[in-house]
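The structure appears right after this line, and notes come after that.
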Amino acid sequence: MRFFISHLVTLCFIFCVADSTHFSEEGNKGYGPVFEEQPIDTIYPEESSDGQVSMNCRARAVPFPTYKWKLNNWDIDLTKDRYSMVGGRLVISNPEKSRDAGKYVCVVSNIFGTVRSSEATLSFGYLDPFPPEEHYEVKVREGVGAVLLCEPPYHYPDDLSYRWLLNEFPVFIALDRRRFVSQTNGNLYIANVEASDKGNYSCFVSSPSITKSVFSKFIPLIPQADRAKVYPADIKVKFKDTYALLGQNVTLECFALGNPVPELRWSKYLEPMPATAEISMSGAVLKIFNIQYEDEGLYECEAENYKGKDKHQARVYVQASPEWVEHINDTEKDIGSDLYWPCVATGKPIPTIRWLKNGVSFRKGELRIQGLTFEDAGMYQCIAENAHGIIYANAELKIVASPPTFELNPMKKKILAAKGGRVIIECKPKAAPKPKFSWSKGTELLVNGSRIHIWDDGSLEIINVTKLDEGRYTCFAENNRGKANSTGVLEMTEATRITLAPLNVDVTVGENATMQCIASHDPTLDLTFIWSLNGFVIDFEKEHEHYERNVMIKSNGELLIKNVQLRHAGRYTCTAQTIVDNSSASADLVVRGPPGPPGGIRIEEIRDTAVALTWSRGTDNHSPISKYTIQSKTFLSEEWKDAKTEPSDIEGNMESARVIDLIPWMEYEFRIIATNTLGTGEPSMPSQRIRTEGAPPNVAPSDVGGGGGSNRELTITWMPLSREYHYGNNFGYIVAFKPFGEKEWRRVTVTNPEIGRYVHKDESMPPSTQYQVKVKAFNSKGDGPFSLTAVIYSAQDAPTEVPTDVSVKVLSSSEISVSWHHVTEKSVEGYQIRYWAAHDKEAAAQRVQVSNQEYSTKLENLKPNTRYHIDVSAFNSAGYGPPSRTIDIITRKAPPSQRPRIISSVRSGSRYIITWDHVKAMSNESAVEGYKVLYRPDGQHEGKLFSTGKHTIEVPVPSDGEYVVEVRAHSEGGDGEVAQIKISGATAGVPTLLLGLVLPALGVLAYSGF
C-alpha cells in the first residue's frame, strides 16, 4: 500500500521553560507537547487485503501527554472495537468509505496545554475496469492522422499514467515523433498512419497510488492503402491555462497531426524560456522544473511542416502555498508585561492568519496581549492558510513571577575602564516583574549627573573616566517579590592611542602598497590590530594572496597589500584594540588601472543596417579613457564581435556613435568596452535586445536545380537562405519556370522560408522536357535578385511495360526465388516485387526493390507451408508500372524442430566416431533427407561441412585446441535445429558435450543435443 501525501507543512518550535508560578524541581523541567510525527494524507485502496489503516501521531512532552483523535471535528470513540491506539497512532480495522473517509486531527495534551496536529485526509482509492464492450474497427487512410480514445474508467485519485498495448500484453508501442500518448487524457495520437501501424491497440492505465492497472478492449486499427497525401500541421493535443505551485514541476503537452510529421517548437511570449525548462518526447512535452514566479506567462507551441503551420497558446499562472516569513517561538514573559507575537506568512493568494490556544480557536490576525496574567500561559498555535495549503507554528507561553536574583548573572568582580574613556557596568538580575534599580559607590548613593547615568535596564554609564572613579560599585534591584544586590570593583587603565597613523597611498594595478599603523596601550593588556576596507573587516586567511600583517612587533600593525587590484581601492581603517578600549585611524588607497565598464547604454535610432548608441562614462580608475570599442552579438550566435562604427575610432571623450553594416531584420545586443593607457577594462552590461528594420533581400538562393518526381510533375529545388539573409518578415520564395526556349515565365510563391522544394503538377506536361528555372527571395519590404537560371527536366512517365516470364521457385520453408525478363523501356530505374500471404489482404503486401540491372531476387523470412501471391512491376521516379500476372506458390513445410540426439562420441586412433539417433519429423514438418555435419575450430563460424544420409560420421582428432562438431537434420524445408559437442586432441579425455548427459556404458559417453 502506498500513501498519497499532500504537502501539509507543520513547523513546531517548542523550547521548554518552567513556569515560575509553579516552582517545584519537577515542574521546572516540564514542557508542553512538541510534535515529532503528524498524520499525513493517506489513500486506502478499496480492494486492499490489509484490513486496516493507520494514522500516525507522536509527540514528546513532560509529563507524558495524552492523545485523542477527531474525525471531521467530531471526537472519535476509541472504546469501539474498530479503533485501537498504540501510543498516539490510530489504527482503524476494516475501514469503510462511508464511515471512515474524512479529515483527521490528532489532539495532544498535558498539564502545560494542548496542541492540534495538521489535518490529514483519509480517502479511498479505486480504479474500475474498462467496459466489456468490443470496439469497432478504426479504418484510416495511409498518410492521414488518427486519434485512438482511451476514455479511462472511473477512478480516484487522478494520478493515472497511460501506455498503449499493441496486439498482446506486455508489448507496448514505442513512442516517437509520429506517435504520442497524452498523460492528460490517455489518448494515442498518430501524426500520420502508415501500413506498419496495423494492429490491435489497448489503453493500459495504471494508478501508482493503489498499485493497480487495467487495460481496455482492443481497438483494431486498419490502415487503408492509398497514395500518401500531404496535410498541414493540425494541433490536437492542446495544453490549457495551468495553475502551478511555486517550486513544483509543471508539464505541458502539445502534439499535432500532419503529413509529413510536423516539427514542434516551444516559446514563451516576449520572454526567454525558463532556465529549468526541458523539452522531451520529440518536442511534444515541455517540463518546467522548480517553477518560479518569473516563469509565469504565456507559452506557445508551434507545429509546422512544409504544408502549413498551427499555433496554440495558453497561460501558466504561478501561485504558492503558505510559507513562514516570521513565526512564533517558545516565550517566557514577566507577569504584567505585554506580549506581541509576530506571525507572518507569504503565499499566493496571501494567507490568512488565525490562532489556537490549547487547541481551541482563539483569535485572528496579529496577537497582542497587554498585562499578562497566569491565565494567559499555555500552548499557542499560529495557523497560516490559503487555497493551496495550511501550515502551523507551535509555541509555549510561560508567565514568570520571581524576586530579583543575581545567581545566574552576577556583576563582574573586576571592571576595567580606560583613562578618559567610557565604561558601562551591567546589572542584569533575573526578576519578574521588572525591578527598580539604584547604584552606590562605596557608601555613596549615585544619581544621574553630567558624567554618570543609570539606564532603564539597570546599567551604569561613566564617561571621561579618571583615577577618582576607581572603587567598589553596587547595583540594587527591587520588585514586589523581593530585593537583591551585586558588587564589583572598577579599575582604570591607560588609554590606547594610535601613534603612527596610515597615510594615503597611490598605486597602479599589480603593484604593492604598505600602510603603517603603530599604537601605544596599557602594558598590562594585550593589543590587537584590526584592518577594515570601506567598513568591512579584512579576513586575512581568505585574502592571504593580497593582504599580509606585520606580526613581529607587538605594537606595530603594518599592512602590506600585494599585487593590488582595482577592488582593493578604498578607505582603510586601522583599529588598535584591547579588551578595554580601542583607537582607529584611516587612510585612502587610490588604485590606477584599466577603466571600469561604461554604463547606461541607450539605443537612440534604429535603421535597417545601422543603429545609434549613447552611453555614460564609467570610472576611468585615475587614468583618462583613450578610446571605446563597441561589440555586437546576434541571437544566432553567442560570440561577441567588434562592430563597425562611425566614426571608426571612438575617442575617450565621446559618449555616442553609430554602428553600421548590420544585417536587416536581425536581433542584436550591444556592449561597450573602454580602454586607457593601463589597459582594456571590463565590458558594459549588454544593451536591450533590438531588431533592425527590414529591407528587401539582396542574396539569391543557391543550388537551384531539380527534376525527377512523379508523372506529370516538375520538381524544382534550391538551398533555402539562412535566417540572417531573410532581412524582413513574411519571408518566402518566388519560383519562376518556363519550357526551354519560350519567352513567358510562370511564377509561383512559396511562403515557408525553410522549404527548398516546389513541385508543379500539370496533366498536360510532356515527360522528360527541358525547363528553365530560377528562384528569388522576397519579404514584406520587397523582392531580392533572381538566382542564375538552371535547366532541368520534367518527370518522365511511369513505365508502361509489364515484366514477362515471371517464374518462382521454392527454396525452403522460408525462402522463394523470383526471376523475370527485363522490360525494354530505358526509363526504368528498378523493379518492385510484391508478395503477400493468401490469407492477408493485398494492401498488406510486402515489397522488395532491386536495381534495373537485376532480374532475380530471393524472398526471405516467409512463413512455412503458406500460400503466397507474387507479382513484379517496373518503376522509376515517376511511379510504378503495371504489375505482372500474379503467381501463387506454397512454401515448404518447416524443417524438423527436433535436434539430433548424439548418443556417443568415441576416439579411435586419429579419428572421432560420432553417432546420433535418427530425427523423425512431425506431421507439419518436412521429411528428413539427411544430415549436415559442420566441423569447425571452437570460437569460429566457418569449418568443413559434411553431408551424410547415415547416423554416424568420422572426423579427425584436432591437432591443437578444441573443435566443435555440429549436427543437424536436413530437409526440403531447410535445416533443422543443431546439436553440438566439443572434442579435443590435447588428451585422451572425453569430449565435452554442450548440452548432454553422461550415461554409464563401458567407457562410452552418451549425449543429447539441444
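Residue positions begin at 1 at the first shown residue.
Cβ from N, Cα, C; glycine included.
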TODO: Write down the residue from ASN582, ASN621 that Swiss-Prot flags as N-linked glycosylation site.
DONE: ASN582
Task: Disulfide-linked residue for CYS57, taking Swiss-Prot as the record, within CYS12, CYS16, CYS106 - done: CYS106
TODO: Would you mind checking which of CYS382, CYS427 shares a disulfide with CYS475 in Swiss-Prot?
DONE: CYS427
Open item on the list: Restricting to the chain of CYS254 (disulfide bond) and a gap of 6 or more, list residues whose Cβ falls under 8 Å of its Cβ, or answer none.
Closed with: ILE235, VAL237, LYS238, PHE239, LEU264, TRP266, GLY283, ALA284, VAL285, LEU286, CYS301, ALA303, HIS312
- [ ] Please work out the helix, strand and coil residue numbers for the domain 'Ig-like C2-type 3' (232-317) from the DSSP assignment.
- [x] 6 helix, 55 strand, 25 coil
Open item on the list: Of CYS150, CYS427, CYS475, which is closest to CYS57 (disulfide bond) if I measure between C-alpha atoms? They're all disulfide-bonded residues.
Closed with: CYS150
Open item on the list: Rank the disulfide-bonded residues CYS343, CYS574 by how many other Cβ atoms lie within 10 Å of each Cβ and give me the one with the fewest.
Closed with: CYS343
TODO: According to DSSP, folded down to helix, strand and coil, what is CYS517 (disulfide bond)?
DONE: coil
TODO: List the helix, strand and coil residue totals of the domain 'Ig-like C2-type 6' (496-592) as derived from DSSP.
DONE: 3 helix, 48 strand, 46 coil
- [ ] Among CYS203, CYS343, CYS427, CYS475, CYS574, these being the disulfide-bonded residues, pick the one whose CA is nearest to that of CYS106 (disulfide bond).
- [x] CYS343
TODO: Enter the number of other CB atoms within 10 angstroms of the CB of CYS57 (disulfide bond).
DONE: 25
Task: All-chain count of other Cβ atoms within 10 Å of CYS301 (disulfide bond) - done: 25
Open item on the list: What whole-number Å value do you get for the CA-CA distance of CYS150 (disulfide bond) and CYS382 (disulfide bond)?
Closed with: 47
